[in-house]
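**Q** What Swiss-Prot records for this protein is below:
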type: BINDING; residues: G113, I133, G134, D135, Y136, V137, L138; note: S-adenosyl-L-methionine binding site
Amino acid sequence: MWIGVISLFPEMFKAITEFGVTGRAVKHNLLKVECWNPRNFTFDKHKTVDDRPYGGGPGMLMMVQPLRDAIHTAKAAAGEGAKVIYLSPQGRKLDQGGVTELAQNQKLILVCGRYEGIDERLIQTEIDEEWSIGDYVLTGGELPAMTLIDAVARFIPGVLGKQASAEEDSFADGLLDCPHYTRPEVLEGLTVPPVLMSGHHEEIRKWRLKQSLQRTWLRRPELLEGLALTDEQRKLLKEAQAEHNS
């Protein structure tokens, strides 16, 4: 997978390209991340990349010409088929379904805004989609872009040790993840649930599903509203609710 990034702070993306799972993906040529800095497309000695908004008001906007030229350069490097995404509080909120959609693309160009944002005409002419990571404001689009890259990269074949890891993560089936345990067997008086040490794989599967349903019901009940639960899931959820309320 190829991802191009337009950012005034490309150095920030070393966190993605040099560390952890995504760093290994880059090292093994499963993921390629290229960055373009709009400052490198300026023509004045100060490398100006911000400009005043028409109509006045606080703050500045990213200057059109350097940003536009950076986007065009990234598009040329990507070739055909690249989807251009602007990270914006006004965008569609990123969730696991959205991550799965974006992971189907082999080429993405991520535009990271700064200041008060970018000219609306650039959004109309250069941007394919706007995405947000939540209903709050950050100082720039770099952290949302890194979040998106990390989430999408998990679906690239070979990036995770087991592809099942991505398929069984929280939200992969619309539910929160179940609790997990490792050694020691007893920690400050708290023990590992016996079923997890039983060796009965079917019982372990049912326990994990039941815990996942219960955790979603207790912590994020709105997630259940849009799910078409199976007969087994409905049965296990009723059991979990009865146990919790008893």
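Placement of Cβ uses the backbone N, Cα and C atoms for every residue, glycine included.
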**Q** Sort out for me which one of I133, V137, L138 has the most neighbouring CB atoms within 10 A, since those are the binding-site residues we care about.
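**A** Output for this query is I133.
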**Q** Using Cβ atoms only, which residues of the same chain lie under 8 Å from G134 (S-adenosyl-L-methionine binding site) while being at least 6 residues apart in sequence?
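**A** Spatial neighbours, sequence-distant, of G134 (S-adenosyl-L-methionine binding site): K93.
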**Q** Excluding near sequence neighbours, so keeping only residues 6 or more apart in the same chain, what lies with its CB under 8 A of G113 (S-adenosyl-L-methionine binding site)?
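**A** Set apart from G113 (S-adenosyl-L-methionine binding site) by at least 6 residues yet with Cβ under 8 Å, we have M62, Y86, L87, S88, G140, G141.
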**Q** Run through the Cβ atoms and count how many others sit within 10 Å of the one on D135 (S-adenosyl-L-methionine binding site).
**A** 7
